[in-house]
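Heads up: the structure comes next, in structure tokens.
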2 protein chains.
Amino acid sequence: MTSNNAFYAQSGGVTAVINASACGVIQTCRKYSDRIGTLYAGHNGIIGALTEDLIDTSLESDEAIAALRHTPGGAFGSCRYKLKDIETHRSQYERLIEVFKAHDIRYFFYNGGGDSADTCLKISRLSEHMGYPLQAIHVAKTVDNDLPITDNSPGFGSVAKYIATSTREAALDIASMCSTSTKVFILEAMGRHAGWIAAAGALASETNDGPPHMILLPEVPFDRQRVMAHIDAAVKKHGYCVVVVSEGARYEDGTFLADAGNTDAFGHRQLGGVAPTLAGMVKQDLGYKYHWAVADYLQRAARHLASAVDVEQAYAVGQRAVECALEGKNAVMPAIQRDSEDPYSWSIIDAPLERVANQEKFMPAEYIREDGFGINDAGRRYLRPLIQGEDFPPFENGLPKVAKLRLERITKKLPEYHL
Amino acid sequence: MTSNNAFYAQSGGVTAVINASACGVIQTCRKYSDRIGTLYAGHNGIIGALTEDLIDTSLESDEAIAALRHTPGGAFGSCRYKLKDIETHRSQYERLIEVFKAHDIRYFFYNGGGDSADTCLKISRLSEHMGYPLQAIHVAKTVDNDLPITDNSPGFGSVAKYIATSTREAALDIASMCSTSTKVFILEAMGRHAGWIAAAGALASETNDGPPHMILLPEVPFDRQRVMAHIDAAVKKHGYCVVVVSEGARYEDGTFLADAGNTDAFGHRQLGGVAPTLAGMVKQDLGYKYHWAVADYLQRAARHLASAVDVEQAYAVGQRAVECALEGKNAVMPAIQRDSEDPYSWSIIDAPLERVANQEKFMPAEYIREDGFGINDAGRRYLRPLIQGEDFPPFENGLPKVAKLRLERITKKLPEYHL
């Protein structure tokens, strides 16, 4: 077995293009096969490393790896699992080192968002704290667009394109129904704390006059009376009203409009159901006939409608991560830099991971329009380039083709480990 | 003004391809401009005829009319408005004749589903009952696929493709999340009484083993205990469970799982919220973490993912409607006939409208698999051809381009009319 093997894993909520990043990592590792031996993929993120549940990617055909570029979801399995601090849970890190040693793993690529960047940062310090030579590179991914430093997060452009397209399409539907039927249509978009995804609904029209006629962002406290008055005015003016609401919409005191009461492994509350909650208010306060949609996973899995810019960037950060490793870097995250806005051009810079981990980038106030119910031209200028270009997957029998991987596991060398 | 003008209008819930039918009607009228004068489009369906709110389609450019083929929603406005019987509301029919006379309208094309076919049938009898020479042709349209005689309804193939694609994509998402997070994903599909749309979710996989692992149809009474046991078994076997549930899912006694309590103009109950209702049961009975999506208008407006077969058929029934009129036919509906299944081929037959109006075609029992939780191979063979082929709209600035119509109204000749 060659030394200097590599590990790659996916973490957190997946996106339409996280596998495009996987494709970038794997193809680049294959390109540098003289310097990187085998690339092992962790099954279900860091859990795969802890439990020595490793997929030998060298057994996958070039064709299957290429197909990852147009396959949504996380092909190797993702996880919501946060490593504890090295001081409080040293044995977990010792286990990781055992596994890495057993398989000669010296490169660690972790594909995730802000929480996962924290995991990656902790791993990057193994070298310093525990004397094991390892380079950890974070591969940015999140539909939420809330990673700092990077101009935008791979995964966001595609969900933005999906929400903008769906808003435009559904608006044409309700516009034709409103004379005798539905007056208010509410689309719920993801985005726990940052309103980026809902904001992208604004792109459905060229102007702020809509549709959508209103976007409810977590950044702007929800005021029922003001919101209902705005909806009513839109119905009176246009005959109908299209609202895009972020799942994170909340009252002044921070209470979410709809709170399912569950929390995930990171301690975040599981949200959902803002659209029907708001629809109930419309019925009660205004009496209008409504329809509502909750796109949920559909929006972040919609690879069939991915942004070509997003696919390219997702691939590029995967590719750059491997190059960083080969350049001897550690604890960095390839980040997107906006070099020019119109025409849009971008390049990649290497961001220090300690400035990325556990940070959330909210919608800046200067992108939010004065009444708080959407974005202004500055916001549009920021968002517009990210949804450009189509990258339709190949279709077969009427459906998008997806990668078929063998996902063969390595033979374990170590005793079993319980999380 | 030329005599023998025509009227076209859209009725009922719109689809991703109803404008493709409009395109077929308008382009064919233009082709036979020696025999058909002006085609007027009713603004908001039959209401446009009653209120003399008529759009002069001759003022639209060829380019704009061609763009209707890839524009979702109802470009001329739709309505949910049912004409009463001629015996009980004769004055309404007299008004229609006044309007038709005032604008020399002798051809009536009505684009809708089963309820609208009833309106069209009533209009077709004006000649017989009230001595006004008019030919009424129905142009089939409904996402619900519940029109009789026709092998399938234009509009259905595209929503079927959307649900199948979304199910495949979301299933890849949950498959990658299930080790530490979501175990059950529920997608709610439209279909008030017939389970056709939910059934199309089955096409997401080549086999009945899923995903989706379960489809809940209105045709099969909901039995909470059996459903929960099936979900539990799927989670234990696959690690996760994907459920597609029809909005019309109901208990043995006919009560809908989720009943918003509203009724539309046709007296149908407005449904919605089956997915969260079912998710609540999953939480309560099984304790699994869930996600749910309600596609609502998104599914029937998703022209970006239309089935090429569906677009062609929608156009063809519009085209054939005009030909029927020119052949002197009355009270017919061009219907799709399946000539061969594999390879799929189809042709158009002219169905008598009295056999279409107010009928609903349910999923035949022989398409439903034995346990009731999905469809069998016969069902797959029926559905598969309908989602074939892609017909992506042109995109501009990252979004689907849509038709921009002038929608210029004619000068009214008659006194105002109140509905």
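Cβ coordinates come from backbone N, Cα and C, glycine included.
Remember, it's a predicted structure, so these values are computed and weren't measured experimentally.
Between the candidates A:E94, A:E247, A:E252, TrEMBL assigns the substrate site shared with A:T142, A:V143, A:D144, A:M190, A:G191, A:R192, A:Y297, A:L298, A:Q299, A:R300 to A:E247. Comparing local CB density within 10 A for the recorded positions A:D115, A:D144, the maximum falls on A:D144. The two recorded residues, A:G13 (diphosphate binding site) and A:D144 (active site, proton acceptor), show a Cα separation of 10 Å.
A separation of roughly 12 Å, to the nearest angstrom, links the Cα atoms of A:D115 (site 'Important for catalytic activity and substrate specificity') and A:D144 (active site, proton acceptor).
Those recorded positions from A:G13, A:D115, A:D144 lying by chain B, with Cβ under 8 Å from one of its Cβ atoms, are A:G13.
There are 27 other Cβ atoms within 10 Å of the Cβ belonging to A:G13 (diphosphate binding site).
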